[in-house]
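> Handing you this structure, nothing more for now.
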Amino acid sequence: MQKPNISLEIIKYLISKGIDINSKTNQNETALHYACQNPNISLEIIKYLISKGININSKTKQNETALHYAYKNQNISFEIIEYLILKGIDVNPKTKQNKEVLDYFCNNSTNEIIKYLISKGIDINSITKQNETILHIACLNPNISLPIIKYLISSGIDINSKTNQNKTVLHYTCKNPNISFEIIKYLISKGIDINSKTNQNETILHNACLNPNISLEIIKYLISSGIDINSKTNQNETALHIACQNQNISLEIIKYLISSGIDINSKTNQNETVLHIACQNQNISLEIIEYLISSGIDINSKTNQNETVLHIAFLHIACLNPNISFEIIKYLISSGIDINSKTNQNETILHIACLNPNISLEIIKYLISSGIDINSKTNQNETVLHIACKNPNISLEIIKYLISSGIDINSKTNQNETVLHIACKNQNISLEIIEYLISSGIDINSITKEKKKTALHYACKQKNISFEIIEYLISKGININSKTNKNLTILHYACLNPNISLEIIEYLISSRIDINSKTNKNETVLHYTCQNQNISLEIIKYLISSGIDINSKTNKNETILHYACKNSILHIACKNPNISLEIIEYLISKGIDINSKTNQNLTILHIACLNSSISLEIIEYLISSGIDINSKTNKNETVLHIACKNSSISLEIIEYLISKGIDINSKTNKNETALHSTCLNPNISFEIIKYLISSGIDINSKTNQNETALHIALKNKYPNKIIKYLISSGIDINSKTNKNKTALYYACQNKNISLMKLLMINGGNVFDLKENEINQEMIDLFRKIYSFNEDLNNFLKSNEFKDIEIKCNDGEIIKVHHLILLTRFDNNQTNFNKIYQYLQKKTKKRYSISFKFSLYWIC
C-alpha cells in the first residue's frame, strides 16, 4: 500500500491533542520508525517529531533504530540521515542479527550516504552474525561503485575477512547481479586470495560462472590470475558444470573454459557430466550441446540413476520446456547415444517422452523409427502406453500410433492395471481415447490385483467424473455389479464423489445396479452418500424412493442418521460438516430411528455435537424430535461432554443443552465432568468455561486421577485469563492429584512465572508438610526456576519473603537459601519443628530455633 503524503499540519494537530508521541506498536516501533520508512516523508516532519521529545534511539523488538528503518527507504534524503545523526542517533547500534546501520546502507544506499556514515565514526569493522563485514555487504550491492570499495579498504577494513561460510568479498562480488570487472580487478590487485574456497569448496570461478551477467572478459581475467580451473565443489562440480547450469551462459565462455584445460569428462557425486547438466538447462543452445560432444565428452555416460543425457534431455528440456527442442533430441541420437538405455526404474527415453505434456507425434515417431523397444517395461511393468495414458495432455493420435506400432494393449502393471484403468484415472482423458482403447480389443472387465477394481470403479472415483465415459463403459458390457476387495460397488464410489450428479446415479440404478449392496463394514450407498462433502438432498431422496433400506446399520450399529450427523446414515449425515437441517428433517420424516445407537452407544445427538460445523437449529430439531438428551455412551459421556470437546462448538449450543435439562454434573467413567472435558480442549471458548461455572457445575470435582479442572488446564497450558478465572471462582488451588501434584507444581513445570506468583499470592504451597516429610520434587523444581529468574526473585523480596537463619547446636549458623515455600506457618511451633526435623535428617546435624516469625518461605 502506498504511504500517504502526510502533512506537517496534521502531525502538529495530533500531537497538540495529547497523543502519546512515544507510543509503540506490538513490534516496539515508534512514529519515528514509521516516518523513516515513508518514501514521501519530509525533513520538516522528522525535525518536528524529534523537537517534541520522541525517543530518537528507541529500538524495535529486532533492536532496529529509526536509522535502520531509513535504510529500507530507497527515497530517503541525505538531509534526513544527516539530521538524525546530528540529533544524536546512535550510529553503531546492532540488530538482533548483529547488523549495523552501515550494513543496511551498504546494501541499498548511495555512495554519498555511505561515506558520510563512515565520517561520523561508524564501526567499519563491525560484523554480522554471519561474520559478514561491511565490505561483504557492499560488494553484493548492485549499485556499489569502485570509489566506495576503495574508500572502505583505505579505511582499514580487512579485505581477506571470511564469513561463516568461508566466503570472501570476492565471492560476494562475483555473485553481484551487476558484476563489475573493475571491482574484481581492484580486489585482486589488493592481494585478495583468488583461490579461497567456501565451506562448499566453491571458488570465485564457480560463483562467477553461475552469474547470469558474467562476461568472457572476467572469466579470462580470473583464469589468467592463476585460479585453479579444475577445482571442485563438495558435489564434485567443476566451473564447467556450474557454467552449464547458467541459463544465460554463452558458447564463448564454454569454449574458453574447455580450451583452458578444464576436464570435460569430470563427474559430480551423482555421476553427472557437464552434458547431463547442460541437458537440464531449459535455455541451453544446440550449439553448446554440439560443441561439448565435438570436444570428446562421453555421450553414453550414465548418472547414479542410470540416466543418459537423452533421459535428462527428455526429463528436463522436453518435460519442462514448453518449446521442446526436437533438434537437440535428434542431434543426441545421431551422435550415437544408446537409445534403449534404461534408468534404475527401467524407464526408456520413450517412457519419459510419453509423460511429457508437450510431446509431439513427430518426436514419438522419430524415437520409434530409431529402433527404440516399444514394449519395454518399467520396474512397475508399465509400458509406454500406460505412461501415455497418464499424460494429462496426451493426444488420440499418439495413442493410435503407439497401438498401430505393435504395443501390447492388454499388458498389465504389477497391480494388474491395464491402460484402460490408467486412462480412467486421468482427469483429462477424452471419451475418444476410451472408445479407441476398447475398440482396439482391450479387456474391459479386467480387475486390479489387490483392490479388485475395474476401470468403471476408477471412472466413478474421478474428480472430473464424466457421464459420457460411464455410459460408454456400461454400454460396452463392463460388469456394473463388480465389487472391490472391500465389497464396494460402482455406486458406492459414485455416491462418495463430491462432483456426482443425480443424472449419473439415476443412470447407474436404471442399469440394474444392486442398490442395497453392502461393503465389508455393512455400509450401503446411502451411508456413503451421507459422507459426501457435497451431500445432496435430491440424491438422498432418489435413493430412498428407489427402495434402499433407510434403517440399515453398519457393523458398528450406525444408521444413516448417524452418518448424516457423523457415522450411520443419520449418524453419518450428522457427521457431515455440510449437513443441512432439510436433510435431517427428511431422513427423520422417512421413519429412521432417531434414538438408534452405535456400538459405542453414541446417539445422533452425540454425533452431531462432534461435528465441527453443526448448527443450533439441527440440535434444536433433534431434541424437539424426542431424542434422549441424557443418553450416555459406553464411557458415560453425555452430549455435553462431547460438545465440550468440540473446539468449534458454539456457546449457544452449550446454553441450549443446559436449558433443556441436561445433567451438568454428570461424570464419565473417568469421573470427568463437562468442565474437565472443556479443559482438555485447547481451543475451547473462554465464554463456555465461564458459562459452565455460572450454571453451577462443581468446580472442585475430581477425576479418577484426583485432577481438578485447574490441574488439567495448567497441564494443557491454557491462557492465563482462564487460570485466573478458575482461581477467582474458588477452585481449590492446593488440591493434589494421585501423584501428589498441585496446581503450583504444573505452573512451575510450565515455567509460567506470572501464574506461579498468582498462585502463591492466593495461598498456593510450594511444598507440602505431609507425615513430617517435605515434597522434594517440588522443592527441586521450584529451586531450578528461582535460582535463575530475576522476576521471581524480585517478587519474593517485594512480598517480604525472608531468609531464615538456623543455628546448629555446634554453633554453626546456616542461612537456608533456595529451599522453598512450605505453608502459612503463623508462628506455629509444630511446623517449625517439622522443618528442623527435615534439616537434621538431611544434614545429620542438630539445630536450635534462632528466629520465629510468620513466613511463607524458607529461601
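Any Cβ shown, glycine's included, is placed from N, Cα and C.
Copying in the features that TrEMBL gives for the protein in this structure:
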REPEAT    62-96  repeat 'ANK'
REPEAT    165-199  repeat 'ANK'
REPEAT    200-234  repeat 'ANK'
REPEAT    235-269  repeat 'ANK'
REPEAT    315-344  repeat 'ANK'
REPEAT    380-414  repeat 'ANK'
REPEAT    415-449  repeat 'ANK'
REPEAT    451-485  repeat 'ANK'
REPEAT    521-555  repeat 'ANK'
REPEAT    565-599  repeat 'ANK'
REPEAT    635-669  repeat 'ANK'
REPEAT    705-738  repeat 'ANK'
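Describe the structural surroundings of these features, if you would.
Assigned with DSSP, the residues of the repeat 'ANK' (62-96) fall into helix, strand and coil as follows: 16 helix, 0 strand, 19 coil.
For the repeat 'ANK' (165-199), same-chain residues at least 6 beyond its ends with a Cβ under 8 Å from one of its own Cβ atoms are 130, 133, 135-144, 146, 149-150, 153, 159, 207-208, 210-215, 217-218, 221-222, 225-228, 231.
Outside the repeat 'ANK' (200-234) by six or more residues, the chain places 165, 168, 170-171, 174-179, 181, 184-185, 188, 194, 240, 242-243, 245-250, 252-253, 256-257, 260-263, 266 with a CB less than 8 A from a CB of the stretch.
Among residues of the same chain six or more beyond the repeat 'ANK' (235-269), those with a C-beta under 8 A of the stretch's C-beta atoms are 200, 203, 205-206, 208-214, 216, 219-220, 223, 229, 275, 277-278, 280-285, 287-288, 291-292, 295-298, 301.
Confidence for the repeat 'ANK' (315-344), expressed as mean pLDDT, is 69.
Break the repeat 'ANK' (380-414) down by DSSP state and the numbers are 16 helix, 0 strand, 19 coil.
Taken residue by residue, the repeat 'ANK' (415-449) breaks down under DSSP into 16 helix, 0 strand, 19 coil.
Summarised by DSSP class, the composition of the repeat 'ANK' (451-485) is 16 helix, 0 strand, 19 coil.
Beyond the repeat 'ANK' (635-669), the same-chain residues lying 6 or more positions past its ends with a Cβ under 8 Å from any Cβ of the stretch are 600, 603, 605-606, 609-614, 616, 619-620, 623, 629, 675, 677-678, 680-685, 687-688, 691-692, 695-698, 701.
Long-range contacts of the repeat 'ANK' (705-738) within the same chain: residues 670, 673, 675-676, 678-680, 682, 686, 689-690, 693, 699, 744, 746-747, 750, 752, 754-755, 758-759, 762-765, 768, each at least 6 residues beyond the stretch ends and with a Cβ under 8 Å from a Cβ of the stretch.
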> Sort the residues of the repeat 'ANK' (165-199) into helix, strand and coil with DSSP and give the three counts.
16 helix, 0 strand, 19 coil
